[in-house]
Amino acid sequence: MAKRPAESDEKELEAVKNGDRPMDMDVDVDEAGEFEDEFEDEFESEDEIFEAGVDGRPDEEREAEEKEHAMEVDQGTFIPGRHKLSAGETLAPDLSTYELLHTLEAPWPCLSCDIVPDTLGSERKTYPATVYSVAGTQAAQGRDKENQIMVMKMSSLSRMEKEGEDDDDDEDDDDEGSDPILETKSIPVTSCTNRIRVHQAPQSTSAKPATTLTAAMTESGQVLIYDITPHLTAFDTPGSTITPAQNKPVSTIRAHKANEGYALDWSPLVPEGKLLTGDITGKIFTTTRTQGGGFVTDTTPFTGHEGTVEELQWSPSEKTVFASAGNDGTVKIWDARSKSRKPAVSVQVSNTDVNVLSWSHETAHLLASGADDGEWAVWDLRQWKPSTSLSSNAKPSPIANFNFHKEQITSVEWHPTDSSIVLVCAGDNTLTLWDLAVELDDEESRDTGGVPDVPPQLLFVHYMEQVKEAHWHPQIPGAVMATGGSGFGVFKTISV
């Protein structure tokens, strides 16, 4: 996962741009008494009928007329990431395409963020919305001591006002026009956070909140695990404070030594907590939380990648299975019980770095990958065969792949409840939403709205400066939180 330079030019952070019906047939009535069928078939063979098209005219003639009368498509459509703005031009979002759209600033850019599950209910559709999250900063070079892990509560996230809407229809939505509020609890750290992920253990009793853990993979090579339960509780408990002890990690994983890492994932199937971490030397370690609340790291690593482990993903359906991606262009499938600590399956999926993975929670045999060349793909793991040797480089074909983006893919994630919807972030300052259920009917449908090279599966393009990572909110259908060089964005489009 390529990092944003620690100290960006201020100029880079400025707002930028971003048919006629057939004629009646003539009837010959010159000869008296002779019967002539006015509906007599003009065609002498089936071949002629086929060539004449559906309305009695040749296809070429009909298509030319349709084209002449068709709505003109603006071939100059601006596509973020493909086209550049002229001097003085800026990009402005079409607010009618959003149901929710808010941006919030951070003290320093954050490479990674994650959404914290809350107790406000599932399938929430009322406004204003509230989102709890965590993120880790990347302070400028030489100012490492200003880094922090931010535990955040974003509230008063109002719905976009639509023209012609009756205010009486939204009696249940309070403070519709209020400004968003960002509250933070800061945990000081002395290194940039490359990746951050949250895990929530079940409640031990109804009187106690669920234990929420966050793990941060840092530039120094250490993995810091914090219990952020008191930080989250403090948002809704007036007068509460965070003690210095509560800002200290409950565990520090030092197995990677001084080797920086980017790959990090909590198992969704181990309630207590089980963590995967990977570094630039190709080593992968597992850390397990014990019943007593302690953490134990297996110091024997999983090895197989020739270079950096860029991404790790636990299987959503098999407790001991996980996937990894590396800058060697491979994706590997592992069994955590393996004594050899070698991959069970290894597939060369790209000629460039594979930066990110996402395992579908709805269809467990589907895995999405995103690479440095801008291509992202979906793989059917049922087509992947176990490796007979480490030199096996068999490359199955993806069931879907797209090269719409021309810069590196920095994030990919399946929708939590829709097996066909995927979000993708790229280095071209765009976050795109895709619907893989859309099929190509014919060759013409490969161009969406007459704009070349825009696949019909592309639902939405959201512009966000230096966007790095994004996640679907599991409890607010269709809502997305993203982080990038310009801060945080929370939005929901009308398309998902």
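Yeah, the Cβs are placed from backbone N, Cα and C, and that goes for glycine too.
Listed features, source TrEMBL:
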type	residues	note
COMPBIAS	1-24	compositional bias 'Basic and acidic residues'
COMPBIAS	25-50	compositional bias 'Acidic residues'
COMPBIAS	54-71	compositional bias 'Basic and acidic residues'
COMPBIAS	163-178	compositional bias 'Acidic residues'
DOMAIN	91-157	domain 'Histone-binding protein RBBP4-like N-terminal'
REGION	1-71	region 'Disordered'
REGION	157-186	region 'Disordered'
REPEAT	302-344	repeat 'WD'
REPEAT	347-389	repeat 'WD'
REPEAT	402-436	repeat 'WD'
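Secondary structure counts, DSSP: the repeat 'WD' (302-344) has 0 helix, 19 strand, 24 coil. Across all of the repeat 'WD' (402-436), the predicted model scores a mean pLDDT of 96. In the repeat 'WD' (347-389), helix, strand and coil residues by DSSP number 3 helix, 19 strand, 21 coil. Sorting each residue of the repeat 'WD' (402-436) by its DSSP state yields 0 helix, 19 strand, 16 coil. Residue counts of the domain 'Histone-binding protein RBBP4-like N-terminal' (91-157) by helix, strand and coil are 6 helix, 32 strand, 29 coil (DSSP-based).
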